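Enquirer: Can you read through this structure? Questions will come right after.
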Amino acid sequence: MVKRNVHLTKLQSGYLFPEINRRKNEFLKKHPSAQLINLGIGDTTQPIPLYISEAMQNFAKQLASEKTYRGYGTEQGSILLREAIAEQYYQGKIDPQEVFVSDGSKCDVGRLQILFGSDATIAVQNPTYPAYVDTGVINGQASFFQTSTKQYQRITYMSCLPENNFFPDLANLPKTDLIYFCSPNNPTGSAATNEQLRELVQFAKKRQSIIIFDAAYASFVRSSHIPRSIYEIEGAKEVAIEVGSFSKMIGFTGVRLGWSVVPKQLRFEDGHSVQQDWERIVCTFFNGASNIAQAGGLAALQKEGLQAIDELSSYYMKNSNILKKAFEECGYKVYGGENVPYLWVHFPQLTSWEAFEILLKQSQLVSVPGSGFGSAGEGFLRFSAFGKQSDITVALPRIKHALLKIKPTVY
């Protein structure tokens, strides 16, 4: 028989969200009439704006005609969409040839691991989006999991806590080849300032590292001092790859469309172009994003589409403001929720799973345990504001009922 991939054996038994679903379904079996409200997984709930969905519909209709049918597109993506991303999203700071359209930023995160190989060392924020770690493990960039620390050997974990404003102490970090950094951040809801990102870019230059910058939630940024892209920082093109996503921006979580930016200036240790190798990987592993999805993405970056993006972002951020106020009124410390619709709530007397179970059983609310994002997430829950406002309104009295019962001690 064929031996199992040894790297897959290193993965922990349950990915975070399947475990949440298991506990949720177990609760529903015991309480079939319960009306659960999901404030956990960050899936969108508002429909794709009509202007954008009509663009996809019109493209799909063209596929039914011999005159207008189109098959394979280019692996790198439609040049019209690449130009629109470069112009509208990056204000011309990025060359369209540096943009690679994909089926989502999560897929790009996995393929980027292949670009750098199993010998590459990686650093991740702690807490962090699980895909950065798990794709690294699968690709052989980690050793075995240590139960005592709840961390993988060979991976550097950058502690991001309220005490350091969710920005790591870079001076005390060892050199790694890759630095994964997400801002605005999932799960903590924090967003790095211009000053912090300048420090990160300078650190990467000094250590000769490459930053993988996840900007999936950039469309929600409201503060003028918060960059939407790493390329707003001088010198970032020399040390950073950025991934972006249409998923939360226009409700494309089920459509699947994203992009990566690999600047021409980015080089390997031997001077070879990173972009050239990335293009080879894209062309080898990927046949290009759906033409229909790309038609929607192109529409989203026109005047009417950009207005729809702003309206959608405002809708979810209003939810975030409502939820944040409710938690704070009950005496809880709440982080995030200002530049991304995620709230990071501290439960100082409980473990993350204990807090999860209390809210599930007492208030029929589903959240995400912070410990699932890393050891630094213990004692926190992540709440998503991507729900419907009607559900948020119904959830408020339930939240207050449960929280007041477990009201925290003075911080």
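Glycine too: its Cβ is placed from the backbone N, Cα and C atoms.
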Enquirer: Need a hand: Swiss-Prot gives Tyr15, Gly42, Lys106, Asn186, Asn287, Arg382 for substrate, which of Tyr89, Tyr129, Tyr132 is also on that list?
Expert: Tyr129
Enquirer: Among Arg207, Arg256, which is the one Swiss-Prot gives for the pyridoxal 5'-phosphate site where Tyr72, Ser105, Lys106, Tyr129, Asn186, Tyr217, Ser245, Phe246, Ser247, Asn287 also bind?
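Expert: The candidate from Arg207, Arg256 that Swiss-Prot ties to pyridoxal 5'-phosphate along with Tyr72, Ser105, Lys106, Tyr129, Asn186, Tyr217, Ser245, Phe246, Ser247, Asn287 is Arg256.
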Enquirer: Expressed to the nearest Å, what is the distance separating Ser245 (pyridoxal 5'-phosphate binding site) and Tyr15 (substrate binding site) at their Cα atoms?
Expert: 22
Enquirer: Between Gly42 (substrate binding site) and Lys248 (N6-(pyridoxal phosphate)lysine), what is the CA-CA distance rounded to a whole number of Å?
Expert: 9
Enquirer: Under a criterion of Cβ-Cβ distance under 8 Å and sequence separation of at least 6, what residues of the same chain contact Asn186 (substrate binding site)?
Expert: Gly42, Tyr129, Asp214, Ala216, Tyr217, Val340, Tyr342
Enquirer: Which residue among the binding-site residues Ser245, Ser247, Asn287 has the fewest other Cβ atoms within 10 Å of its Cβ, if you could check?
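Expert: Taking Ser245, Ser247, Asn287 as the binding-site residues, the minimal 10 Å Cβ count falls on Asn287.
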Enquirer: What same-chain residues, at least 6 away in sequence, bring their CB to under 8 Å of the CB of Tyr15 (substrate binding site)?
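Expert: Those within reach of Tyr15 (substrate binding site), by Cβ under 8 Å and sequence separation of 6 or more, are Pro130, Asp134.
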Enquirer: Which one is closest to Tyr72 (pyridoxal 5'-phosphate binding site) in space, judged by CA to CA distance, out of the recorded positions Lys106, Lys248, Asn287, Arg382?
Expert: Asn287
